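Residues annotated as ATP binding site in Swiss-Prot, with sequence analysis given as evidence: 32, 35, 116, 159, 162, 165, 168. As annotated by Swiss-Prot, CTP binding site applies to 32, 35, 116, 159, 162, 165, 168, with the evidence given as sequence analysis. Marked as Mg(2+) binding site by Swiss-Prot on the basis of sequence analysis: 45, 47.
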């Protein structure tokens, strides 16, 4: 056991452990919150494991929510905060390679820690600040390695998503893969196809936005995980660029745009690709716009009206994408051009459809054409943005 200084987020949760212990149960902080405490990373919430059964947890606290009671998890509302409290448990029979067919509540912390994915996540801490470490997770933290608890192949057969979690943790923590764990991913990467795309996407994006994504992408490709992801099979050569980036993406839409460019997706194939990854319609649309803007800017043929239509957010994203790919676009020049535009949105135009109707233009295709002409004229600097100037420009 190792003693460490307990920080504020744990101090605030300490009365929860005390209350469980006063009721005659064991209780510990477990998992990622303990890992992040030791790594001095930001901690937003804590997970608590206890020997108390769910019904006993509910009897101990006045306010609780059955968030996952069939798996032993109760959310307790205490002291103005909410805490997930899970009964010590073992799991068995993972027929779908994700969720256990059977959960058995136990009274032993050791048995609970054995079911966890990686040694650095199989740490527990009592309210005295003592660390319980059954699998040398502390040593692996010092060595900065991701190592499966026990037999790696067994852990990945229990939950195939753990293979993606392994490379995601590599990226977020700047850790490396322990060799047996790495080999187990190589041997079992096909199991990832059993996992829902939504869960894979969540890990994939976290990997991409992590501080050390380059090394993580190397193992994502080398272990074969990429072959089980939508639209990425057979694309290792194109995706290898991800392992050589000077800096990784810091924005999800830019990341997806980067993938689309690297695997040479035609414009009409971006939407099917994004849908295959179960991305939102908003993300789909944004990525299509960023890639289109990047393509246009790369050709160097953009007009002021093109910049207006691209808009500031997508312009900045396209320039980020160009930077990641090492494309020599004149970012500041383009941003300065955009900032000098007379207007930045159609709503800033001095006229609208109602004004044109008042001027005698009937609702018709002509009305839309006149609005477009006025917009292009103002943006390009051909005409001042005033009703009188636009009326003269349109000859109405």
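Glycine residues also receive a Cβ, built from the backbone N, Cα and C atoms like all the rest.
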- Message: Restricting to the chain of residue 45 (Mg(2+) binding site) and a gap of 6 or more, list residues whose Cβ falls under 8 Å of its Cβ, or answer none.
- Response: 9, 33, 83, 84
- Starting from residue 47 (Mg(2+) binding site), work out which of the binding-site residues listed here (32, 116, 159, 162, 165, 168) have their Cα within 10 Å, and give them in sequence order. 32
- Message: I need the least crowded one of these binding-site residues (35, 116, 165), counting other C-beta atoms within 10 angstroms of each C-beta.
- Response: 165
- Item | Number of other Cβ atoms within 10 Å of the Cβ of residue 168 (ATP binding site) across all protein chains | 24
- Task: Determine the C-alpha span of the ATP site listed in the record, that is the greatest distance between any two of 32, 35, 116, 159, 162, 165, 168, in Å to the nearest whole number.
- Result: 21
- Query: Which of these binding-site residues has the least crowded Cβ, counting other Cβ atoms within 10 Å: 47, 159?
  - Reply: 47
- Query: Tell me, how many other CB atoms lie within 10 A of the CB of residue 32 (ATP binding site), whichever protein chain they belong to?
  - Reply: 17
